[in-house]
Amino acid sequence: MAFVKKEITHARPAPLSERSVIGWMHKHLFSSFYNSILTIVTLYIIYITTKGLWVWGIADAVWIAESRRECFDISIDGACWAGVIAWMDNIFYGRYPKDELWRVNVGILLLIVWMLPLWLPRVKGKIFIAITLISFYPFLANYIFLGGESSFFSQFMVSAAIVSFVVIMLNAIIGVIQGQSISTFIATRLGSSLKSEKSQRNLNLALLIITFIIAFLWQQSWVLGEVPWTKWGGLFLTLVISGIGIATALPGGIILALGRRSKLPVIKVLSTTFIEVFRSVPLITVLFMATTMFPLFLPEGFVLNKLAQVIIAVCLFNAAYMAETVRGGLQTIPKGQYEGAHTIGLGYWGTMGLIVMPQALKNMIPNIVGNFISILKGTTLVSIIGLFDILGMLSSVSRDLSWIGLHKEPLLFGAMIFFILCALMSKYSRHLEAKLSTNRKT
Amino acid sequence: MKLTTFFTSVAAVTGILVGGMTTASAESTLEIVKKRDHLRCQIGKPSPGFYTIDAKGDWDGFYVANCQAIAAAIFGDKSKVKYQSVGSQVRFTALANGESDLLSQSATMTMSRDSQLGLDFLQTNFYDGQGFMVRKDSGITSALQLKGAKVCVKTGSTSELNLADFSRKHNLKISAVTFEDFNVRDETYVKGGCDALTNDKSSLAANSAAFPKPKDHLILPETLSKEPLGLVVRQGDSDWANLVRWSLNAMVNAEELGVNSQNVDEMRKSDNPSIRRLLGVEGNLHDGIGLDKDWAYNIIKQIGNYGENYERYLGNGEKALGITRAGTLNALWTNGGLLYSPPMR
């Protein structure tokens, strides 16, 4: 019978109008008369903007010069990037002594290395990493950045930070190679000689104490000259302030949001008042009150650390904003989840910590990251009250006599730095969303 | 404008509060400063010539040198200063609340500021005044020719008000083009967006260095306003005010007597009684302000006299703004200027 085809008919490629470049252009750019006009106008605008930027910023730009006058002599219409290059250290580190810049780099590098295991899937004990990071790293960073005489307490915390860092690094290496946590690794290596859990715990403790003593003795030999905070500045200062702000905003916001939804009237009223007061006042006013008005209420001659005041103000302000984001997230959780938690016998903290928060936080990721980005950008307000953060440094370039009036190039450079930082944050948030998304996708 | 008004009223309230508190306190500013072992000096946002951050990150400038002079007088070491750099909106509050020991910023002394903020304006050490800058090829040589002109001016500043007064007084119908940022203002002027630019003359001179062709521009002779700039301290501690006032006087006096940082050591052997008293070789001028015999010697040795300071930052020095001093109000009284130190005896 010849009615049935013997061989399989292969699928034909899509018509040319669907897959060729011309077809795509016809469909997306020139589908109608008006769309064609729009496309041409837009292309023209893109062309002149890019061309202008190219000619000003790259083709006619001056990269090597001693002063703005020299830039003008070389090219009168081009950008003068030489000024930005000359000020690079100031833009990144502020007035931090130039011989000590390695300290800032080491401090930031330590933070990155400390956090790295958090992203490695095979590493165990991530909660430990996060807790030590929040409780010990700030003391270590504080000592590295500030230097000078340190108290016994701070030496103690610095040693604790060193010990945790060593443990985390070993744990991460063992995790990647063996897929075990460090304590299991030690236990299996020693084999049957240590059977009971108790003796294993004692051994771990002994190891920790020995490392601690070594670390304590080692850190006593450190000699770091004092760099007062007044010398901090640039991107470094921006990252310090916004980093602390970001690290405290979420926990603070969660506590405040739970407080606001609490059934206990005192906690509820206090949280609500705090949130509403801070949310109804602009950040610059909070900063101004904290740095300029607050000292009035203190005894005379008692001068606080302005940086600390600013950081506290930024933290309180952002915690209040974050609280409302968290509250919004809590409201997306249906009542059935609470009831379900109660039926399996969970109390308040169990319900919140195991059932509600994990779901709510996942829903809130875009908002939380949005908040983080606005913290980073909002920090530039501190340049108004006399701290030289990155914006303060960028605008100081135009007042250096060698580079006088040079304001577009530094600000453009600053915009690029902010764009990179914010884009990274938002990219990471999308990655996190995709990773955490369950099949409840809509 | 509103923000500025708010900050000024805050400063006034602060001044009153602090004024009440200082009378109760036992410790003088000098004792506090000595105990702290450094001076807290408030300067302005970076501005060429007056206070600048160089590419190494250090503060320098005319008003920064004033802070250093006070530190040299107190500690014999000009580096014992910590600077606070704040904008003009909060400067008076940041002095009144005790954050800083003195304000060394280009703050114009006016009656209302001196009498209402709880602050003392010490005598002027830089006389500025508002002027106009025009392009040379416009053919304008006097501000009175600016009829119907468009003038670029910074918003919210006294320059804007002075411009309006000047225009009304001479019936010039000047239209002001206002800007928030002085870089944008200057660029608009250079690109031909305005016929003239107005600001304090020292700033005009400083900013024109940023123009592609500074020689094509000209500062007109007329001066619209009086801008006496000097150091400011909190009211209520006259001893501290005396110390600051006489430290600055010592610099002016030194110039008048021909003492400078180069020859100060030789000058100690001078027979001139005025010089001997100034440098602490004889007499006991230092007793009254509670400092060492060498206080003025240290200022002159480490910073220099007024003229040296002027030339280094504002005059014709290598890194200076290039504002010629001769013939202006900032010349010594012996040269027809206004700088005049009362006798030190």
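From the backbone N, Cα and C atoms, a Cβ is placed for every residue, glycine too.
Caution: TrEMBL annotation is automatic and unverified by curators.
Of the candidate ranges A:235-259, A:310-334, TrEMBL annotates residues A:235-259 with the feature transmembrane segment. Nonlocal intrachain contacts for the transmembrane segment (A:280-298), taken as residues 6+ away from its ends with a CB within less than 8 angstroms of a stretch CB, comprise 304, 306, 309-310, 312-314, 316-317, 378, 381-382, 384-386. The stretches the transmembrane segment (A:203-223) and the transmembrane segment (A:152-177) are in mutual contact, each linked to the other by at least three Cβ pairs under 8 Å (pairs 6 or more apart in sequence).
Long-range Cβ contacts of the transmembrane segment (A:152-177) within its own chain (Cβ-Cβ under 8 Å, at least 6 residues beyond either end) map to 110, 113-114, 116-117, 120, 122-125, 128-129, 132, 136-137, 139-140, 142-143, 185, 208, 211-212, 215-216, 218-220.
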